[in-house]
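*Asks:* My questions will all concern the structure given below.
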């Protein structure tokens with residue numbers, strides 16, 4: 001329990017420290033992340049020895065919050081912790097000269113705490129909480145440079161698309177809770193989920209993990225600082241969608257798995273193509289993230305959460321390394337456009353080597369970690385109910401992956417280098433990158449064991465190994481040849497911009513909704529005008545007829561409204577209620593007319609005084625009667 | 001000790017002290033005002049410490065007009081007490097925030113204290129007659145606050161407010177008469193224990209109550225007084241209006257419509273659900289088209305009260321005997337909306353003090369010049385759009401969860417409101433706080449101590465409810481369980 005608390009509370013404390021203006025933001029946040037990861041490692045050590053536990057505490061009535069420690073949660077927590085710590089290390093260098101530091105560090109620490117909470121959530125409501133806080137942190141982090149109009153728009157787009165998908169999670173969780181009467185994340189559920197519930201969860205996962213048709217937010221998210229892209233949009237936040245599918249896997253009926261597999265397969269191919277034609281290194285990596293997450297979704301669709309988990313772990317290290325490399329170039333060349341980066345690899349050889357190793361690993365070349373995990377996905381495809389489709393989609397994806405990685409390497413190596421500056425934080429940044437590579441190089445040999453411990457199997461098949469390797473090699477060669485060539489065909493542009501069908505979200509959703517909103521506003525204003533008009537006419541009427549009852553009038557003056565009401569109520573008892581009621585109504589409208597007049601003559605304060613005195617009299621009367 | 005009466009009439013005592021002493025300088029006036037409302041808050045905390053039962057407890061009763069069965073009856077249960085504590089809390093912060101208003105400060109503070117007494121009376125009354133008296137006093141107090149201390153078009157806005165609410169009061173009076181005539185008692189406990197009405201009488205009474213509370217809450221299409229009143233009222237007035245006065249309607253739906261005419265409510269629940277869905281979505285859409293930031297916040301109230309109504313209607317549709325989270329959520333929504341929207345209106349006031357405008361197109365880049373104000377606004381905005389970990393989430397999640405059981409389709413629609421709310425807050429944040437700072441604002445100071453003393457407690461409450469909703473939910477749930485919802 002103490003470890004578990006440390007995992008959340010260390011980053012949370014660091015976040016609060018920087019929020020309230022504490023000094024040395026970067027180092028404090030790094031310390032928070034390191035302590036959290038240390039606790040994670042200690043916890044992992046004990047779960048590896050067979051420890052498991054769960055705690056529940058007050059949440060909603062009848063639906064308590066739960067924290068669950070299992071091997072799966074511990075493993076994911078350790079991976080997230082390690083990746084985050086190294087990225088924090090890197091970010092100290094990256095953010096060295098940037099403005100808006102306290103906001104950045106505070107949000108990214110909170111983000112880490114929320115991600116860890118998501119992993120250990122043992123009930124769906126806590127899961128939803130962590131899930132949405134992730135989105136919020138992502139919004140804050142992307143808009144780090146809030147003075148720039150473009151980042152503001154990008155942050156809005158990211159958060160809106162995420163929120164839309166979150167509604168899917170809400171609905172899915174409602175279906176689960178109402179179906180089972182409990183919000184517990186059960187390993188062995190009573191019954192599988194209804195179609196609505198399953199599709200809603202798929203929507204949530206597709207949104208968070210940037211699957212088709214939500215792939216475009218990830219490209220927009222690249223407007224944020226590069227450490228943010230490396231942590232949120234490769235290893236953690238997008239991975240939350242996969243974590244959701246893995247945790248909900250026992251709930252899916254076989255019929256639903258086909259849908260999941262279809263989303264994954266389509267995403268692998270579509271976003272893989274986007275990555276190939278991308279002209280910006282960060283957008284290329286973003287598209288690649290969608291595509292790699294597609295592999296995981298495909299594996300789940302193929303019925304093998306083990307393969308998905310293995311690829312999730314492997315991808316976290318590989319993609320973070322790639323982003324860290326991209327960030328170093330961004331600092332050196334002042335841009336992430338490929339045009340500005342040609343030949344940059346020759347100037348920064350250490351960085352290029354690191355980037356290269358991670359790229360080759362992602363392409364699926366042994367002995368790096370990506371080879372093992374990609375094999376797992378391919379084999380899972382072969383063993384599924386629709387082997388041709390799943391295997392072919394994954395194989396095509398492997399080919400595309402190798403192509404875009406090799407093309408990026410080619411661009412960075414070939415050609416004349418522009419001017420590259422050595423930025424101040426280079427050492428911190430390279431340190432973070434190189435430490436990450438340890439896991440990329442060595443991690444593959446541990447994957448099988450880890451999956452078995454987590455209660456999953458990592459499928460293996462010879463056809464998958466051979467096919468995957470051939471696809472990777474072919475892709476590497478093709479990509480290297482593609483490097484340096486530019487394409488201007490309109491179809492290429494369409495693919496590069498993430499398939500903006502019929503004008504994209506802006507035309508399809510934004511504009512009609514805004515039109516509807518404006519129409520509602522006009523309706524609202526006209527209702528208001530009508531009411532005002534009616535009110536004014538009523539006032540005039542009452543003034544014209546306002547001579548009738550002088551006595552009642554004085555009553556209003558003397559006692560204010562309360563005296564009047566009191567009078568009416570006591571008189572109501574002499575059984576001529578209706579008559580009195582009407583008189584009362586007339587009096588009220590009259591009084592209103594007089595109010596209106598008197599306000600205009602500026603005597604409100606006197607009126608007020610009367611109200612207060614009226615109240616005093618009223619209370620005195622009340623007490624008298626009570627005695 | 002009759003803590004309930006003490007809490008209720010402490011503010012009145014403060015008003016009388018000001019009336020008698022007529023203090024000349026602001027410090028004394030606000031000192032008395034803040035002091036008495038702080039005492040009222042402490043007194044309400046003492047009520048909490050004595051323990052809130054599921055049924056009505058700590059009842060204070062004195063006979064008053066025995067011939068009619070009218071008595072002075074106060075009491076609290078798990079539904080009313082959270083609103084009582086919200087009232088004392090929000091009035092305290094609103095008065096702290098107001099402590100710079102020089103225009104006829106004595107009258108202003110007196111009105112505020114009188115209003116506080118009336119609101120507390122409404123939420124603690126266990127007698128129809130007493131309830132009605134307090135209910136009407138709130139109307140007068142608010143009218144003058146809007147008309148006298150408001151902005152440009154305040155007279156017109158106050159008049160609209162008065163007209164609408166007067167109409168509402170009329171229906172309320174008729175409904176109360178009908179309840180009295182059919183039961184022969186004004187004791188709300190008796191009316192709740194044995195709902196007296198059936199058939200046509202029940203239906204008519206239900207709709208009478210419904211119209212009265214729909215105007216107060218407000219629901220579409222009788223909501224148009226709200227944006228006008230909110231926009232023109234002074235910041236603290238808007239906070240109280242949104243935070244407390246709207247809750248008179250919300251509380252009325254739960255206490256009267258649901259508990260005294262349950263059969264009719266169950267029968268008409270489908271219509272009410274449709275009205276709730278329309279209210280939530282329409283309010284959100286109109287907010288999306290606003291350029292005035294205060295109007296925008298005002299329309300979020302329409303949206304949030306739509307959710308509240310949805311929760312109550314869902315509970316009514318299921319009927320007593322079916323446990324549902326919807327009513328817990330709706331009750332908590334009252335509290336959440338009070339603190340969140342209260343804070344938002346005060347923040348908008350602070351914003352207007354600095355920029356001199358409410359037009360979002362004329363503001364820009366405030367994050368750079370006023371980071372504390374901007375940061376607070378962003379957190380409050382995300383609380384308002386339902387971010388987990390902040391006050392609205394536990395309320396709305398339970399409302400939608402309960403609603404989904406009754407009508408998945410209606411829930412599917414109303415939940416889109418969350419998305420629209422997100423959209424307009426993001427747009428507002430982008431326009432007002434992001435981008436390059438417009439000139440001249442660098443010299444205007446960020447939030448001062450007076451404002452922070454008002455904002456920080458509200459923020460703390462928002463986070464507390466979000467992170468540990470059980471603090472209120474256990475109390476609310478005990479009562480809703482007892483009622484069978």
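Using the three backbone atoms N, Cα and C, a Cβ is placed for every residue, glycine included.
Since this is a predicted model, take the numbers as computed values, not measurements.
According to TrEMBL:
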type	residues	note
DOMAIN	B:125-416	domain 'NADH:quinone oxidoreductase/Mrp antiporter transmembrane'
TRANSMEM	B:6-23	transmembrane segment
TRANSMEM	B:30-49	transmembrane segment
TRANSMEM	B:105-123	transmembrane segment
TRANSMEM	B:161-182	transmembrane segment
TRANSMEM	B:197-215	transmembrane segment
TRANSMEM	B:235-256	transmembrane segment
TRANSMEM	B:268-289	transmembrane segment
TRANSMEM	B:296-318	transmembrane segment
TRANSMEM	B:330-351	transmembrane segment
TRANSMEM	B:372-393	transmembrane segment
TRANSMEM	B:399-426	transmembrane segment
TRANSMEM	B:452-469	transmembrane segment
*Asks:* Who are the chain neighbours of the transmembrane segment (B:399-426) in space, where the CB to CB distance is under 8 Å and they lie at least 6 residues beyond its ends?
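*Replies:* Sequence-remote neighbours of the transmembrane segment (B:399-426) are 269, 273-274, 276-277, 280-281, 283-285, 287-288, 290, 296, 300, 303, 306-308, 310-311, 314-315, 317-318, 324-330, 333, 381-382, 384-386.
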*Asks:* Who are the long-range neighbours of the transmembrane segment (B:452-469) in its own chain, taking Cβ under 8 Å and residues 6 or more past its ends?
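*Replies:* For the transmembrane segment (B:452-469), the far contacts come to 89-90, 93-94, 96-97, 332, 335-336, 339-340, 342-343, 346-347, 372, 376, 379-380, 383, 388-394.
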*Asks:* Sort out the residues at least 6 away from either end of the transmembrane segment (B:372-393), same chain, that have Cβ-Cβ distances under 8 Å to it, and list them.
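*Replies:* Tertiary neighbours of the transmembrane segment (B:372-393) are 300, 304, 333, 335-337, 339-341, 343-344, 347, 350-351, 354, 366, 418, 421-422, 425, 428-429, 432-433, 446-447, 452, 455, 459, 461-463, 465-467.
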*Asks:* For the transmembrane segment (B:268-289), which stretch among B:30-49, B:105-123, B:161-182, B:197-215, B:330-351 has the most Cβ pairs under 8 A?
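*Replies:* Going through each listed stretch, the top one turns out to be B:197-215.
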*Asks:* Give the one range among B:30-49, B:197-215, B:235-256, B:296-318, B:330-351 whose Cβ atoms make the most pairs under 8 Å with those of the transmembrane segment (B:161-182).
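*Replies:* Most Cβ pairs under 8 Å with the transmembrane segment (B:161-182) come from B:197-215.
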*Asks:* For the transmembrane segment (B:330-351), find every same-chain residue at least 6 residues outside the stretch whose CB is under 8 Å from a CB in it, and list them.
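*Replies:* Same-chain contacts beyond the flanks: 79, 82-83, 86, 89-90, 93-94, 97, 230, 234-236, 238-240, 242-244, 246-247, 250-251, 254, 293-294, 297, 300-301, 304-305, 307-312, 315, 358, 363, 366, 373, 376-377, 380-381, 383-384, 390-392, 394-396, 398-399, 432, 447, 451, 454-455, 458-459, 461-462, 465, 469, 472-473, 476, 480.
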*Asks:* Between the stretches B:197-215, B:235-256, B:296-318, which one has more Cβ pairs under 8 Å with the transmembrane segment (B:105-123) than any other?
*Replies:* B:235-256
*Asks:* What residues in the same chain, six or more past the boundaries of the transmembrane segment (B:296-318), come closer than 8 Å to it by Cβ-Cβ distance?
*Replies:* 217-220, 223, 226-227, 230-231, 238, 242, 246, 249-250, 253-254, 257-258, 262, 265-266, 269-270, 272-273, 275-284, 286-287, 290, 324, 326-327, 329-330, 333-334, 337, 341, 344-345, 348, 360, 384, 392, 395-396, 398-400, 402-403, 405-407, 410, 414, 417, 420-421, 424, 428, 480, 485
*Asks:* What else in the chain is close to the transmembrane segment (B:235-256), if you only count residues 6 or more beyond its ends and a Cβ gap under 8 Å?
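*Replies:* Same-chain residues near the transmembrane segment (B:235-256) but 6 or more away: 79-80, 83, 86-87, 90-91, 93-95, 97-98, 112, 115, 119, 122-123, 135, 138, 142, 145-146, 149-150, 175, 188, 192, 209-210, 212-218, 226, 229, 294, 297-298, 301, 305, 308-309, 312, 327, 330-331, 333-334, 337-339, 341-343, 345-346, 348-350, 352.
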*Asks:* Using Cβ atoms and a strict cutoff of less than 8 Å, what residues sit near the transmembrane segment (B:197-215) while being 6 or more residues removed from its termini?
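*Replies:* Cβ under 8 Å, 6 or more out: 164-165, 167-172, 174-175, 178-179, 182, 222, 225, 248-250, 252-253, 256-257, 260-261, 263-265, 267-268, 272, 275.
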